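Asker: Following this message is one structure expressed as structure tokens.
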Amino acid sequence: MIVNTILRKVTLVAFLSIVFGCVNSTQRSTDNDDLSQKTERPNILFVFADDQSWLHTSVFGDKVVKTPAFDRIAEEGVLFTHSNVRERR
């Protein structure tokens with residue numbers, strides 16, 4: 001129970017650090033006096049799904065479940081094919 005609570009707090013702190021770090025970096029780039037030099041904002045997408053495996057997306061060949069948004073992201077961005085998340089025991 002204590003380990004679970006600590007893990008949740010660490011995960012929350014890590015997530016908030018990433019979010020506020022991205023916001024802070026884009027804010028600094030817009031405060032720059034040289035407006036002719038535009039930098040692109042980071043394009044970060046977090047996907048949280050419950051009981052969804054990699055098989056349940058059409059980009060990996062599922063004929064029943066249609067996920068056109070995931071398919072477009074896979075075509076235009078990065079698609080991780082060798083990653084693993086351990087199940088909770």
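Including glycine, each Cβ sits where the backbone N, Cα and C put it.
Sharing the record's features from TrEMBL:
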- 42-82: domain 'Sulfatase N-terminal' (DOMAIN)
- 1-25: signal peptide (SIGNAL)
Asker: Residues of the same chain, at least six outside the signal peptide (1-25), with any C-beta under 8 angstroms of its C-beta?
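Answerer: That would be 42, 44, 46.
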Asker: Please work out the mean pLDDT for the residues of the domain 'Sulfatase N-terminal' (42-82).
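Answerer: It averages 81.
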Asker: How does the domain 'Sulfatase N-terminal' (42-82) divide up by DSSP, counting helix, then strand, then coil residues?
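Answerer: The domain 'Sulfatase N-terminal' (42-82) comes out at 15 helix, 0 strand, 26 coil.
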